[in-house]
Amino acid sequence: MPRFSRITGTGSKLPERRVSNDELAAELAGRGIETSDAWIVERTGIRARHFAAPDVTSSDLAAEAARHAMDAAGVQAADIDLVIVATSTPDMVFPSTACIVQRKLGIQQGAAFDLQAVCAGFIYALSVADSMIRSGTARRALVIGAEVFSRILDFSDRTTCVLFGDGAGAVVLEASDEPGILATRLHADGRHAEVLCTPGHVSGGQVIGRPLLHMDGQAVFKLAVHALDHVAREVLEAAGRQASDVDWLVPHQANIRIMQGTARKLKLPMERMVVTVDEHGNTSAASIPLALDVAVRSGKIQRGDTLMLEGVGGGFTWGAALIDY
Ligand code: UT7
């Protein structure tokens, strides 16, 4: 049985269309909604996000991100025996987006399934894939976060529609006897289901309810800061490491103020945190693997670095992973 699972390649994909705050504010003004670049930057750190074209799906972005990760790892479709896609914006009710990605990549063996933990989805997916690899159920996994959140945004609600964007990130995770993922910790508390949700379900061929994102931003903010600090300490303890051992914090990119709060509580300087929220906005399950890939490809993150990945999202769900990269 392998002792560890290890990230051997990363990849990402952003839709072509970059929408600056000014561009979004102008579009919203046309609908009678008032916002500004200054408000969005000050409250969130977001300067732009990417929106997918109407015919682009989560599986399109996921497959492209996965191809880049597979190229980086030097693996082929025939080598992959597990595909997990974390998404809240699947292509269809069923089959899973993971099965569609599997077909797009020409993978014909192993398991494929979606995982729903909203913005904590990638951490959940990484933890599940790590467990499956260490138990011998899989040897080489594609772990993907992919979203087209623009499809579920309520563009009449300025408190949410300025925050989110579309994109995908992926890693190849392989069985290894060398250290890789050192520990993961996952949590959920369904009592807070309504603070961040997209209600609605399908019945009799109709969508029942209003399937647009709803969020009590301040409630989420308070829950997030506490949950992230707690799980960060928990995963460090599980791995027998200190916060000072962390070379790079790769947090879910929701709001720069939450990210700064987490770094401050861990006494980590901001220079050791990967920040992409300014250019990506909040891409939910895609945000952590997108940030990871940007930092790997820019040369910030180097082999041998210790990484802490952490995320929090609707559910309420949250988790962290400590990794020797
Ligand atoms: O991945 C899931 C995790 N989600 C999150 O992490 C979100 C967590 N929450 C947040 O990031 C913040 O709570 C927000 C960015 C959503 C809001 O920031 P805030 O500092 O909590 O602002 P607020 O809700 O207290 O609103 C302050 C003011 C209000 O006006 P009044 O009542 O003071 O007159 C809002 O109506 O800002 C107003 N406002 C806006 N103004 C311009 C809210 N949204 C906008 C906007 N443009 N887009």
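Including glycine, each Cβ sits where the backbone N, Cα and C put it.
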53-57, 163-167, 253-257 - the one TrEMBL records as region 'ACP-binding': 253-257
Structural state census, the region 'ACP-binding' (253-257) (DSSP three-state): 2 helix, 0 strand, 3 coil
Residues satisfying Cβ distance under 8 Å from HIS252 (active site), sequence separation of at least 6: CYS119, ALA120, ASN282, SER287, ILE288, GLU310, GLY311, VAL312, GLY313
